[in-house]
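Notes for the one structure printed next.
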Amino acid sequence: MRDSLRRLLCPLSVLWVQVSWLSSTKLQPAGRIMSGVQIRKFQEEDAESVKEVFTLGMSEHIPSSFMHVLKQSLTQMVLMCTFCALVTSSQSFLLPILAVTLLLAGARLGIIYMFNRYIEATLSGDLRDVTNSYLRSQDSCFWVAESEGRVVGTVACLPAENAPGCLELKRISVRRSHRGRGIAKALCRTVADFTRDRGYAAVVLYTSMVQTDAQKLYEHMGYKKIREFAAPEVAAKVLNFMLYEYRLDLYGEGVQGW
């Protein structure tokens, strides 16, 4: 009898402990920013941190861009023709392998050069003077996400040149060490709220085909891809490097992520 009672009470005591722990623990909702992160307007002392976040974020896309180049038929044809021609002429595998290796290294350096040129153009463009570029007009703004006194994310918006009645989301980036905490989603919401408050109908943005994580974020937030087009550089057109235009209609049906 006593053993039976003990066997009955033991599971009940464990259940009571579990229920007590659950009732005293506040579960953090999924997709919410962790405590200690705030989104605020840009200040002049943020300038260097903003440039760093942008530069690191853009540099992350070099490997995926290189892989895209390797998958192109033109690239594979050039490598194969070079290899076969040198094998035939030299009767050796050493020279063809060396030549293909040099071609691959040259292709990677070319991609690095293109990214560095874009980064430098941006740093000497709108990010050179964020206040003048984004904070002089009531229809544009620049925000940073701050954690423990450190800038860990950025986003901006201004009137879209090619989409009348819309604001364009720009310069969104989050440090790798702070991803997965909902910061990027909160930055997107900040722009959408600002756009709605200013009376604009939609937010538009542009991203590249290699920024797959960004595409997933935008689609989760309710953005729709409305256009695909080749990047303006000749090399990008030859290598089929595409840019995507996304749009979020703030007053339409099916807006997600809010």
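Note: Cβ is positioned from N, Cα and C throughout, glycine not excepted.
Quick caveat, the model's predicted, so the values are computed rather than measured.
Feature annotation from TrEMBL assigns domain 'N-acetyltransferase' to 102-244. Annotation source TrEMBL lists signal peptide at 1-24. TrEMBL lists 93-115 with the feature transmembrane segment.
Restricting the average to the domain 'N-acetyltransferase' (102-244) gives a pLDDT of 95. Sorting the domain 'N-acetyltransferase' (102-244) by DSSP state (H, G, I as helix; E, B as strand; all else coil) yields 62 helix, 43 strand, 38 coil.
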